[in-house]
Each structure stands twice: as structure tokens, then as C-alpha cells.
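Listed features, source TrEMBL:
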- Gly266, Glu307, Pro308, Gly309, Arg310, Tyr412: pyridoxal 5'-phosphate binding site (BINDING)
- Arg310, Arg351, Tyr355, Glu383, Tyr412: substrate binding site (BINDING)
- 75-313: domain 'Orn/DAP/Arg decarboxylase 2 N-terminal' (DOMAIN)
- 319-410: domain 'Orn/DAP/Arg decarboxylase 2 C-terminal' (DOMAIN)
- Lys83: N6-(pyridoxal phosphate)lysine (MOD_RES)
Amino acid sequence: MLTCPEPAENPVLWPGGAKREEDGQLSFAGQKVTELAQRFGTPSYLFDLDDFAARAKTIASAMAEEFWEGYGFSGANVYYAGKAFLCTALGEAITKAGMGIDTASLGELTVALNPAMGADPQKIGLHGNNKSRECLRLALRSGIGRIIVDSLNEIDLLQSLSESENTTPPVMVRVTTGVHAGGHSFIATAHEDQKFGLSLASGAALEAVEKIIAAPNLKLVGLHSHIGSQIKDLASFQVAAERLLAFRAQVQRLGEAVPEVDLGGGLAISYQGEEVPTASEYARSLAASVKKACEQAGTDIPHISIEPGRWLAGPVCVSLYQVGTVKDVQLEDGSIRKYVSVDGGMSDNIRPALYDAGYVATLASRVSDAPAASCRVVGMHCESGDILVPEIALPADIRAGDLLVIPATGAYGRAMASNYNLVPRPGVVGLSRKASPRYIVARETVDDLLRLDIGAVGLSQ
Ligand code: LLP
């Protein structure tokens, strides 16, 4: 039966500031879960801002070390992929680490450009396979550092918008390298039969490059590849780097410099205590791949950038729930499964239902000597598939009022939350050893939902 490792046993799974206190409670950045639950309610996302800042520094310095000038590189930039979870409270950590921000919608771009974020527009990128005119216009007017074009249509649109805005934006081409990597097929993004990027194999990538070169208002600054997400196998990045850098050599033969290559995000994190590559291992393998691929292609080494999202936000946050109903259900083989219902579910974490993503859960408000029981942690939604953890060992005396924690929910948790069953989305509580906890994203209320429900307004008879 799957068990949840304690913070002391397996720190990779937990935020840096996680601890089991002497009274049996879990604490995060020195804050005990019962106090947090009392003050902020449940469910809540508990987000360790100190750990986020530490991870930002770790990955930025791992990349700087491996892509050091002395080794023949010209440094490397890290762009935080805001789709994993973006709010202005992250700005300080991002800018202090010298990172940029990668955005993929008007909303993300607007948050990234918010002065409260403190980000330099030059260090903001914009992705998207179907960017709106409004979003592209904002990108042009705010002078962001890179627009990553994803289709031939977009090149025409961007050229005409740039001409009317009288600007010459730096653009990169999102190249589909044909490498299939990552967990679920929904999150793999560089195989051929999917919506992202311009294919190397079909020649669309080359056509895009030629179109950009011919476009008077567009400036080609680089090539981009993102092969998927939650990738544990570093060899996939190697193949993608080889293909992308060989393509760069081809583009250079057209007389273009192509100063930058972005190898995307996709670094895996631990969800259940499993081992994953460290930031240094990832950076070292990437640097070796880049060097080898440039040697093979007979070119100079471009400036490299990457776009991790999950790796930064995922492990620094846990979901805090309160147990309500506990129900013993007899299975066909006669055994008993305890259904432990919590006060959130698929609306605050859609990943198990959408991708079969595995998580673990632990009793957070106390420890217990009761024997382990086979439990299924389920949410409160009207769906039998509203399962957060299909099978996990929890103490047999688990009961209403207990607090449960699910680790590693910072990436694609709040970011993908919904209002299914008209459930308000939980708030994100920012934790730091240097200050008292406070919301960094407020809890939604039923009033927030009602505000959007404007009634029949004259449509009814
Ligand atoms: N760059 C681009 C162009 C991307 O499309 C993505 C993720 C990233 C960077 C960041 O990837 P990361 O380092 O976070 O793996 N909702 C899914 C993940 C979708 C990722 C989409 N693109 C999940 O919950 O697993």
C-alpha cells in the first residue's frame, strides 16, 4: 500500500520548511496546520515563498554554472513558466534570481507586466498557439523581450500589427522537433500530431523562419522547443537539443545569426517521494547536449534559455483539507476500503482526474498509533471520478475534523482550479519565516460567483 513519506524521510517531496512538530502536527515555514486552518480555513493552498525563492536561486545558479563562459557558453537565462502558477507575490523571488517570466495568455501577460511584479518587460516572453490580437498588441506596446510564434498565420498577423504599431518585435519560432516526452499524452507537446509549434519534419519550421526573415517588422532572435512536461528522462532533452541545433545551423546557412535557443520547460518533480533529476543534473546534461550538438552542427554555441514552471512552483506548496465523511466500503474481494471525503477535490486539483496523476496524502493535524487502513481520498464534487488519491495508507482512526495534506500541488493546482458545483476556489496562503502568513491569492467567496450571475436581465417573459 502506498504511504506518504514524512518530511524528515523524504525532503524532495516537501516544501523546504516542512516539519512534523513534537505535538504531531505538520508545520510549514514554522506555522502549524491547525493554526493555519483556523485562520485561513480549508481547503487552502499553503505556499512556501522562502522555498520558492530558494528554488529560483538554485535553478538559476545551476544553469549559470553549467553554461559558464569559461566552458565556452554565454550564460543561460531561466524564464519561469507562469502557467504553473502566477501571482505578483512571486515577483520578488523571480527578479532576485535574475529570472524572466514566460506567459501564455492575456491574463498571464498582464500579471507579469503588473508593476507589483517588478519584472523587466525585456525579460518577459509570450507563447500561445492562438494568441489574441489584444494580447499581441499588449506585447508590442509593452516591448516584451520575445514573442514565440506558433503558426504561419500568426506571422502575418504579427507583421501587420507591428507595422501599425510601428515597432519591430523580437520573435522566436516554436519548433516541433518530433520528440515525444513526458507523462500523459495531453502534456507532451513536441510530437507531430498536436496543435503546438511548426514542424521540422514537414518543413513548416523553415517556412516560418523564411517568412519572418522576409517580414519587414519582425526580428528573428531565436528558436524554441518545448517537448513536454514532468520529464524524468534527460535523454529526451538531448535529442530535442540535437534536432533544434541542427536546424539552427540550417537557418544560419541562410545568413541569419539566431543568437538564442530556448529548450523549454518540462523538468520533473517528485509527487509521491520518487527520485527525480536535480537542477544540477538537468543543467549539466543540457549543457553537454548543447555543446555536442553545436560541435556536430559545426556552429557557434547560442545563448541558451529554459522555461521551467512545475519545478519551481510544484514542490513548494501543499493542499490543506479537512476530513468530513469517512465511509467503509466493502470491495468485491471482501476487503474494506475507507472513503475519506475532504472539503475540496477536483475543483482545486484536477490533475488526478485529468491525467491520472499520482499524489500521496498524510494526516497533518496529529499522529496516530492506529494501524494503517487502505484509504481513498475523495473530494466533495458530484462525480465518482472526483478522486484525489486512489489508494493510500492512512491511520484507521481517521475521522471528521482531521486535517489532511497533499504535497506537491503548487504547479497546475490553483492555476487549473475551477468553480465546478459553484465551489469557490481556495486561497493561496503565502508562508515565510520572515513574516506572518497571509493570502497571496485571496479565497474566492460565493459572493464572487454571484457577482458574475447577472440574471435574466429582461430576457424572461
Ligand atoms: N514552456 C512552454 C512553452 C510550455 O508549454 C510549458 C508547459 C512550460 C514551458 C512549462 O512546463 P513545466 O516546466 O511546468 O513542465 N497542466 C499540465 C502541464 C501542462 C504544461 C503545458 N506547458 C499538468 O498539470 O501536468
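Using the three backbone atoms N, Cα and C, a Cβ is placed for every residue, glycine included.
All TrEMBL annotations are machine predictions without curation.
Model, not experiment: these values are computed from the prediction.
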Other CB atoms, at most 10 A from the CB of Gly309 (pyridoxal 5'-phosphate binding site): 25
Between Gly309 (pyridoxal 5'-phosphate binding site) and Lys83 (N6-(pyridoxal phosphate)lysine), the C-alpha gap once rounded to whole angstrom: 7
Neighbour count (Cβ, 10 Å) for Glu307 (pyridoxal 5'-phosphate binding site): 27
Local confidence of the domain 'Orn/DAP/Arg decarboxylase 2 N-terminal' (75-313) - pLDDT mean: 94
Between Lys83 (N6-(pyridoxal phosphate)lysine) and Arg310 (pyridoxal 5'-phosphate binding site): CA-CA distance (Å): 9
Cα distance (Å, whole number) from Lys83 (N6-(pyridoxal phosphate)lysine) to Tyr412 (pyridoxal 5'-phosphate binding site): 7
Additional residues around pyridoxal 5'-phosphate, ordered along the sequence, whose Cβ is within 8 Å of the centroid of Gly266, Glu307, Pro308, Gly309, Arg310, Tyr412: Ala81, Lys83, Ala84, Ser229, Gly265, Leu267, Trp311, Leu312, Ala411
Largest CA-to-CA spread of substrate binders Arg310, Arg351, Tyr355, Glu383, Tyr412, angstrom: 27
Largest tally of Cβ atoms lying within 10 Å of a Cβ, found at which of the recorded positions Lys83, Arg310, Arg351: Arg310
Binding-site residues: Tyr355, Tyr412 - member with fewest neighbouring CB atoms within 10 Å: Tyr355
Rounded Cα-Cα span from Glu307 (pyridoxal 5'-phosphate binding site) to Tyr355 (substrate binding site), Å: 22
For the domain 'Orn/DAP/Arg decarboxylase 2 C-terminal' (319-410), residues assigned helix / strand / coil by DSSP: 5 helix, 42 strand, 45 coil
Cβ neighbour count (within 10 Å, all chains shown) around Pro308 (pyridoxal 5'-phosphate binding site): 28
Among Lys83, Arg351, Glu383, which are recorded as recorded positions, the nearest neighbour of Glu307 (pyridoxal 5'-phosphate binding site) by Cα: Lys83
CB contacts for Glu383 (substrate binding site) [other CB atoms within 10 A, all chains]: 13
